[in-house]
Amino acid sequence: MIIIEFIKGLILGIVEGLTEFAPVSSTGHMILVDDMWLKSTEFLGPHSAFTFKVVIQLGSVFAAAWVFRERYFEMLHIGKYRNSSINEEFRSKPRRLNLLHVLVGMIPAGILGVLFDDFIEAHLFSVPTVMIGLFLGAIYMIIADKYSKKVQNPKSVDQINYVQAFVIGISQAVAMWPGFSRSGSTISTGVLMKLDHKSASDFTFIMAVPIMLAASALSLVKNYQYIELAHIPFYLIGFLAAFIVGLIAIKTFLHLINKVKLVPFAIYRIVLVIIIAILYFGFGIGQGISG
């Protein structure tokens with residue numbers, strides 16, 4: 001039984017690492033893989049299973065933080081960026097992405113999270129609402145890709161202004177609807193703001209890390225009492241799997257996104273909706289899942 005639990009933890013960590021920062025909705029995949037198949041709540045209990053998902057999400061967040069560590073060091077003037085000549089070089093570049101861009105982008109989701117986090121968790125984490133989010137998010141991504149073909153000179157991440165950062169932040173707040181996908185929503189909005197796909201993805205990930213760290217820390221503070229010593233190895237293997245797979249997935253995604261764009265991910269999401277709908281409405285699998 002212990003080996004089976006470890007395998008389940010490994011699978012869930014891999015799924016989290018693959019999907020957290022891809023525009024495909026990690027929530028939708030967790031419903032399909034965990035709630036409909038592996039059912040971690042059956043051997044962890046509902047509260048511990050929720051805490052486990054927070055822990056493995058942290059693995060993905062740390063992976064993104066590692067990939068963009070140089071950007072964060074630069075914005076915070078840490079390490080080699082303490083050097084005045086290096087700082088002067090970066091400051092001299094027009095509209096260099098800075099910490100204020102990230103903070104401005106975080107404002108909408110931060111406010112919405114404080115006001116409605118409990119409501120969203122209680123009422124929107126159901127299979128039908130996630131399917132709606134998956135489908136609408138896919139349509140939004142297709143629209144963004146269609147628009148991007150008309151943009152002649154897309155902007156880089158260092159050309160983002162504060163208004164654009166705030167608008168992209170609004171789309172991050174909208175993506176608190178489960179299934180909509182934070183990265184799918186914000187990358188699409190960035191593309192609509194005339195950024196190229198890679199730059200929109202860069203800003204999405206850079207902006208997402210601090211707010212996801214804060215949200216995860218808050219969840220752990222609320223639920224730390226449900227972390228049992230016997231479950232620590234299970235949490236650890238899920239965390240490490242999410243971190244390692246997340247590193248590979250993020251680097252691969254950033255390398256490919258300007259070539260493949262968003263439509264393939266949108267089509268995948270629609271297929272995922274169909275699969276979940278067949279299992280849910282056709283076979284009754286996951287009927288008991290709700291917020």
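Placement of Cβ uses the backbone N, Cα and C atoms for every residue, glycine included.
Residues annotated as transmembrane segment in Swiss-Prot: 1-21, 48-68, 100-120, 124-144, 160-180, 201-221, 230-250, 270-290.
Same-chain residues lying 6 or more positions outside the transmembrane segment (124-144) and placing a CB less than 8 Å from one of its CB atoms are 23, 25, 27-28, 31, 35, 175, 177-181, 184-185, 187-189, 191-192, 262-263, 265-267, 269-270, 272-273, 276-277, 280, 286-287, 289-291. Remark: the transmembrane segment (201-221) makes no contact with the transmembrane segment (270-290), by the rule of 3 or more CB pairs under 8 A.
Of the two recorded stretches, the transmembrane segment (48-68) lies close to the transmembrane segment (230-250), with three or more CB pairs under 8 Å once pairs fewer than 6 apart in sequence are set aside. Among 1-21, 100-120, 270-290, 1-21 has the largest number of CB pairs under 8 A with the transmembrane segment (230-250).
Away from its own ends, the transmembrane segment (100-120) comes close to residues 75, 160, 162, 165-166, 168-170, 172-173, 175-178, 203, 206-207, 210-211, 214-215, 291 of its chain (Cβ-Cβ under 8 Å, at least six residues beyond either end).
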